[in-house]
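Visitor: Got a structure for you, questions after.
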């Protein structure tokens, strides 16, 4: 078994000028070289981290199955905790990727939706968060032929969501060559128990997805186009194209500030390094913020960047309470004090 470091904040307090602010960086060993590919946060500051995703084209430094961790950003001790999974669920093949939280305000229940790739397949798991037991109660698994290469997900109901497919082909060789052919065949799928259909297409590589605080717009990262695509939700299955915002980087996951509506993007600044995955010349990391995305002139700002010397292959960034939590595909996580 690999070591699971209980967020012993391996902290080397580094002062760095980022986005014209002096901030303090704290490295977070989420697990031993396992990464936190996606992160999302509840309103109370409890962050959920999806760790140890295994992908045939990426390095993997742990044979352990994936886990979901929580991290209370309001706790000065910053202790990370692995969530126990209850119910009839195969934990040994758990390979979590994108995640999304949904709160049912009527009953106060919190649901965690997880993209899972057991044995390289694609399916969506739905859990209910049991806070007093620090556990996830398994509810159901969703499989569908349209959910064939799921990357990310945004939940919009207790059993409904939008999801991105990051490839059109399912054959391993065809999936590998697909990005080099510039085929705009990736899509967004809407799922509910009553309806499953493709609601948007034309993406070269549809990656992260999220929704605006007022639930009126979807944001989709088209990684190979270096753009964030804005879609207006007419109804659940009817979306209209609004605009595309250039970000100048290979953007992965999208988190939305629930107060300001700003988008925070975990990005890969160097496509060549990302493709080659050379440990002697590692992929760098970059965080981009988009303010006023629906305006005529959205403001795109680089909030963090490094050449891989601090963290490798950033995939998500999400702010909370003056902190910025940055996750990576297969390495570590980073907490920045935005003060």
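Each residue, glycine too, has its Cβ placed from N, Cα and C.
Marked as signal peptide by TrEMBL: 1-15. The Ca(2+) binding site annotation in TrEMBL covers 37, 38, 99, 151, 152, 207, 252, 253. Annotated active site, proton acceptor per TrEMBL: 97, in sequence order.
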Visitor: Let me know how many other Cβ atoms fall within 10 Å of the Cβ of residue 253 (Ca(2+) binding site).
Guide: 29
Visitor: Using the CB centroid of 37, 38, 99, 151, 152, 207, 252, 253 as the Ca(2+) site centre, which other residues of the same chain sit with their CB within 8 A?
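Guide: Nearby residues not in the site list: 50, 97, 98, 115, 208, 315, 316.
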Visitor: Cα of residue 253 (Ca(2+) binding site) to Cα of residue 97 (active site, proton acceptor): how many Å, rounded?
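Guide: With distance taken Cα to Cα, residue 97 (active site, proton acceptor) is 11 Å from residue 253 (Ca(2+) binding site).
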Visitor: Between the Cα atoms of residue 38 (Ca(2+) binding site) and the residue listed as 'active site, proton acceptor', what distance do you get, rounded to the nearest Å?
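Guide: Per the Cα atoms, residue 38 (Ca(2+) binding site) and the residue listed as 'active site, proton acceptor' stand 7 Å apart.
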Visitor: Roughly how many angstrom lie between the C-alpha atoms of residue 97 (active site, proton acceptor) and residue 152 (Ca(2+) binding site)?
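Guide: Each residue's Cα considered, residue 97 (active site, proton acceptor) and residue 152 (Ca(2+) binding site) end up 7 Å apart.
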Visitor: For a quick check of packing: other C-beta atoms within 10 Å of the C-beta of residue 37 (Ca(2+) binding site), how many?
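Guide: Within a 10 Å radius of the Cβ of residue 37 (Ca(2+) binding site) lie 30 other Cβ atoms.
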